[in-house]
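**Student:** Just lifted these from TrEMBL, have a look:
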ACT_SITE  His332  active site, proton acceptor
BINDING   Tyr101, Tyr206, Arg239, His332, Arg335  glyoxylate binding site
BINDING   Ser183, Gln204, Thr232, Lys308, Ser330, Asp363, Gly364, Gly365, Val366, Arg367, Gly386, Arg387  FMN binding site
DOMAIN    75-437  domain 'FMN hydroxy acid dehydrogenase'
Amino acid sequence: MSELNLFSAEQTSELLEMQDARRNFLRFLACSPLVSNATTLGSLAVLVGAIPAAALAQSYDVLRAQTRKVGDVIESPEDALNVMDFEPAAKKALPSAHFGYLATGVDGDDTLRANHEDYSKIRIKVSRLIDARKIDTSMHLLGAQYSSPIFLSPVSSQGAFHAEAEVAVARAAGAKKQHMILSTVGNSSLEDVNKAHGSPVWLQLYPTDDWKVTQALIKRAESNGVPALVLTVDRQGGRNTETLFRLRRLDDRTCVACHAGGFANEVSRKPMFSNIDVSHVTNLYGTGMSWDFVKKLRDSTKMKIFLKGIMTGDDAAKALQVGVDGIFVSNHGGRAEESLQSTIGVLPEVVKAVGGRIPVLVDGGVRRGTDVFKALALGATGVGIGRPYCWGLAAFGEPGVAAVLNILQREFETIMRQVGATSLKQITPTSVINDIAYAKR
Ligand SMILES: Cc1cc2nc3c(=O)[nH]c(=O)nc-3n(C[C@H](O)[C@H](O)[C@H](O)COP(=O)(O)O)c2cc1C
């Protein structure tokens, strides 16, 4: 075996890319028992020195990093290689009932799985020899500019994951100028979240079955400068969260202090409802909402209105008719119904029905920067994540959320460069080959 066979061709060329690591690299080679040939070492030194600094490859950091053992579960955000690494860390940090709440889908969790698995049925077409060193990933939505198309979907009760709850999430998202939507049933107040984010976030709306409460929630949002309400329409029919029920059995803590039952005891203690009379509310989700309700809501506020939970082109067309300002393709992260329809699978038919008239957001199963790229290619304006940032929050608080956002952004930028797309506009349907059968309808 020749000395150079120590590295694959790819590794060798990658190594040569990094001027910064030159000294470490040569020291590393010199220490290798297999590299004894001074001529080989000398030639490599010349080559390494000739590489411009701009060609620095992030994969080289591995040579500079201090070696240390990382067990099966990461112990710090820096240990994570991808966002999935945060899930076991969250599991370790949380009581099993709370982890069950975060993890659960419905019935057999098959729709939850389909959301992610369907991304692997879409392939990306790369283009070579395009200078994509400078790329712009900014997303424009309702006149605002965000640094990334990746945004944070509304997740309820984040106090179950970390004491700083939505405030920690808002700090991490705000620091990176990333878009965020607060849940009606968050544990942090809208006021605190806006402050932590640095600009008004959007509010997800569960209107309840009392219109007076809906009006009070609208008023609170308006007085806090909320640009858009996101009406969630996928929780009307009830659900069977088996994974939660199973993991709840492993948790022997007394839960009634926080979960006393009934709307008044449980949901009304959430800050969004403070100083609002909820005595006539009987249900947060099963409110009998119809398209007439959406019209009524539309006529009740100047805030923009998005519908979250749309999964068909027909419903998107109806939404356009009642004058909504945006569609959010979502199945609640596979936690609403076991339809086996993934959000990325139905995205093209919704985008087709909308025809570019209003923005289309999507979430569900997004775990890689390449997933973000694929959703944008199929017509999404922005791409949301739910569980991944909550894993980061549960395991490490704000730094965990920041690390999840960093990793996804880094992966997304990498694939943009490989495709030669220097802005979101250049990510188009021709950038991908979509093999999800039902997406071709
Ligand atoms: C624990 C948990 C709580 C959620 N709470 C809400 C909520 O209050 N309102 C809402 O519209 N969606 C809620 N969602 C759905 C998310 O907004 C989002 O659609 C979903 O998490 C995206 O899928 P992903 O988790 O695979 O990224 C929740 C999701 C999770 C996991």
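One-based numbering along the chain as shown.
Glycine too: its Cβ is placed from the backbone N, Cα and C atoms.
Bear in mind that TrEMBL entries carry predicted annotations, made automatically and left uncurated.
Note that this is a predicted model, so its numbers are computed, not measured.
In the displayed structure, how are the listed features positioned relative to their neighbours?
**Tutor:** For the recorded site, His332 (active site, proton acceptor), the DSSP three-state label reads coil. Close to His332 (active site, proton acceptor) in the fold, though at least 6 residues off in sequence, lie Thr232, Asp234, Arg235, Gly309, Gly364, each with a CB less than 8 Å from its CB.
The Cβ of Tyr101 (glyoxylate binding site) has Ser157, Ala160, Thr241, Leu244 as same-chain neighbours under 8 Å, each 6 or more residues away in sequence.
The Cβ of Ser183 (FMN binding site) lies under 8 Å from the Cβ of Pro154, Val155, Ser156, Ser157, Glu166, Gln204, each on the same chain and at least six residues away in sequence.
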**Student:** Can you grab the distance from Arg239 (glyoxylate binding site) over to Gly386 (FMN binding site)? Cα atoms, rounded to a whole Å.
**Tutor:** 19
**Student:** Give the number of CB atoms, excluding that of Tyr206 (glyoxylate binding site) itself, located within 10 Å of its CB.
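**Tutor:** Tyr206 (glyoxylate binding site) is surrounded by 22 other Cβ atoms within 10 Å.
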**Student:** For Arg335 (glyoxylate binding site), write down the residues of its own chain that are at least 6 apart in sequence and whose Cβ falls under 8 Å from its Cβ; none is a fine answer.
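**Tutor:** The list for Arg335 (glyoxylate binding site) reads Thr104, Gly105, Val106, Leu112, Arg239, Thr241, given in order along the sequence.
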**Student:** Where does Thr232 (FMN binding site) sit in the DSSP three-state scheme?
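**Tutor:** Once the DSSP labels are grouped into three classes, Thr232 (FMN binding site) ends up as strand.
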